[in-house]
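These notes concern the structure reproduced below.
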Amino acid sequence: MRGTQGAQEMKPELWPEPKPTSENLTSRGSGSYEKVLPSIPAACHTSSSSVCPRRKPRPRPQPRSRSRGGRGLKAPPPPPAKPPPPPPAPPPPPLPKQRSVAWRNSRRRSRPGPRPQTRKSYSSDHGSSRDSDGSENSLLEVGSNKGPTGCCHVESFKVAKNWQRNLRMIYQRFIWSGTPETRKRKAKSCICQICSTHKNRLHSCLSCVFFGCFTDKHIHIHAETTQHNLAVDLCHGVIYCFMCRDYVYDKDIEKIAKETKEKILGLLSSPTGDASYQQLMASEVEENQLTCESKDQETSLVKPKKKRRKKTMYYTVGFRGLINLGNTCFMNCIVQVLTHIPLLKEFFLSNKHKCMMTSPSLCLVCEMSLLFQAMYSGNQSPHIPYKLLHLIWIHAEHLAGYRQQDAQEFLIAILDVLHRHSRDDGIDQEGNSNCCNCIIDHIFTGSLQSDLTCQVCHGVSTTIDPCWDISLDLPGPYTPGRASSSTSSRDGQKPRVISLTDCLKWFTRPEDLGSSAKIKCSQCQSYQESTKQLTMKKLPIVACFHLKRFEHLGKQRRKINSFISFPLELDMTPFLASTKESIMKGQPLTECVPSENKYSLFAVINHHGTLESGHYTSFVRQEKDQWFSCDDAVVTKATMEELLNSEGYLLFYHRQDIEKE
């Protein structure tokens, strides 16, 4: 009976089901019971918990009988589960912080609503001013629907009547203060109308007589309440737009500022000096009604103060030091030169670039726009050009890394990237996409004409190539073919100093190519000896001359430290292709030099040290006779003697006729 075979032949129906009694029910706590089966053979307990554990019943909506075949007791329902405790009540919201009335007024209009096409800006007492002819009108009348490009608010400001005269008066009285008397008057009058101080970047409203602090937002509150959008920085003379929330650049305003400063400095340098300046100010006051003493409500502006600031007469906005990020002096000196080219300055500060790249963060022209804004922001702390360096590494991989690089190589690389990223800004008007007229080509691109003359038939083959700079060989024992250099002394005489003009003459001389470099003539169709001559077919606006001071002859590498003199003014007429053609035709040369061939020295980049270990610095001209020395983060005023005695590696000349415009 205990064997496996006997257990398989047994039938469960032969075992009678005992009736439930109190003996075969086992208590399981909480009043629930479980039926206990009678003792049966071990072979029949195939469903015992020791052999096969009982499956856990699936949860159902209602409990059913747990007996087999409808026999047995129903299990009582389980006790109801306790409901979860309610979540804690959230803490009450903090009370709103009480703000000042000025703060609420400055944040009230987050999105400007529709504005009228024209509006009139009045002075603080809402009175009207009269011109010198007696006609009554507002101080400035602004039309907000003008100006499609650049800052539309500046364009609207220029629509107003007498805006040039009023702006010129502000520059004369409050910005270009050249004499002790004018500086004294400025220290007394130019104070904040709200806090009565002059230390927090004082700005003057261009639409009325109001001075306010920029740091403490007093000028912002005035602009918010009066809708006067433009103000001028009294320290640097730059214009701030409250609608654009940035400093803006305008060519017409810049011209007025420059003319006013030149006029004042010219009067101060005259023999009469202060008297001429005072006479000018008196005449301007008679013609204009824009004066701090004209209104009773603004008499607080002219109260004398014990403390007053000192104002230097040199205008140095734009000259800002650049941090050296690790052997990046070659980049810093090129950036200082590029940011002071007048046409580039006008282009980038006027926001004329239209980025067409899918990733504007990789556009070098967009980064240069931000760099120009940082250089002309008036901030005197050195700028960190890390983003510019990163983009150069991306687009010019041969310059990646913190190794020492060549400044001339970096100049060509950055001009090439700027040219590629700004092609959409200046396509030729005729629709020829092959003829690029971008800002880089417009300023730097010239053309070299190469003439190959056959020695047999005298046929000339001409090739014209564009160029961004001109590399000039230096005289000396390291230059091929210079054994009889003009630097050698003869008969005990002192050697003559080589100039930039001598290098240009050597560059444009006819060169015999020799028998080892025979070229097939296009006319006689035979390989013959020929001569080669380079001339300038087209002159650029900014001419860059590269003095080749680094030479590699076999395994030898050396730097040529020969002194090369360079003039402040340069005439490029003798080196033009048209001049050569006139000489060959026997035509007389005119004594009058065309204005487009005259150049003025604009910047000089110097290399100090050896070929293996060196450093780059630059001299940059701001005005006619004002030169500054830029050595990474240090910018100082330089003398003409320091400039002309420098060694010279890259020389930048600007066309005089365009520079004067």
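A Cβ is built for glycine as well, from the same backbone N, Cα and C atoms used for every other residue.
Predicted, not measured: the structure shown is a model, and the values here were computed from it.
In the three-state DSSP reading, Cys329 (active site, nucleophile) counts as helix. Annotation source Swiss-Prot lists active site, nucleophile at Cys329.
Residues or ranges marked as active site, proton acceptor in Swiss-Prot: His615. DSSP classifies His615 (active site, proton acceptor) as strand under the three-state reduction.
What Swiss-Prot records for Cys151, His153, Cys241, Cys244 is Zn(2+) 1 binding site. Counting only residues at least six positions away in the same chain, the Cβ atoms of Cys151, His153, Val154, Asn229, Leu230, Tyr247, Val248 sit under 8 Å from the Cβ of Cys241 (Zn(2+) 1 binding site).
For Cys213 (Zn(2+) 2 binding site), other Cβ atoms within 10 Å of its Cβ number 22. The Zn(2+) 2 binding site annotation in Swiss-Prot covers Cys192, Cys195, Cys213, His218.
Per Swiss-Prot, Zn(2+) 3 binding site is recorded for Cys205, Cys208, His222, His228, and the stated evidence type is sequence analysis. Every protein chain considered, the tally of other Cβ atoms within 10 Å of the Cβ of Cys208 (Zn(2+) 3 binding site) stands at 21.
Among the features that Swiss-Prot reports, compositional bias 'Polar residues' is placed at 21-30.
According to Swiss-Prot, the feature compositional bias 'Basic residues' maps to 53-71.
The annotation compositional bias 'Pro residues' is assigned in Swiss-Prot to 75-96.
Taken from Swiss-Prot, the feature domain 'USP' covers 320-656, and the record attributes it to sequence analysis.
Positions annotated as zinc finger by Swiss-Prot: 149-267.
Of the candidate recorded positions, Cys192, Cys208, His218, His228, Cys329, the one lying closest to Cys244 (Zn(2+) 1 binding site) when CA atoms are compared is His228. Annotated Zn(2+) 2 site Cys192, Cys195, Cys213, His218; additional same-chain residues within 8 Å of its Cβ mean position, judged by their own Cβ, are Gln193, Ile194, Ser196, Thr197, Asn200, Leu202, Phe211, Gly212, Asp216, Ile219. Taking the Cβ of Cys329 (active site, nucleophile) as reference, residues of its chain lying under 8 Å away and at least six apart in sequence are, in sequence order, His615, Tyr616, Thr617, Asp632. When the zinc finger (149-267) is classified with DSSP, helix, strand and coil residues number 55 helix, 17 strand, 47 coil.
His228 (Zn(2+) 3 binding site) has His218 as its nearest neighbour among the binding-site residues Cys192, Cys195, Cys213, His218, going by CA to CA distance. Fewest Cβ neighbours within 10 Å among the binding-site residues Cys151, Cys192, Cys195, Cys205, Cys244: this applies to Cys195.
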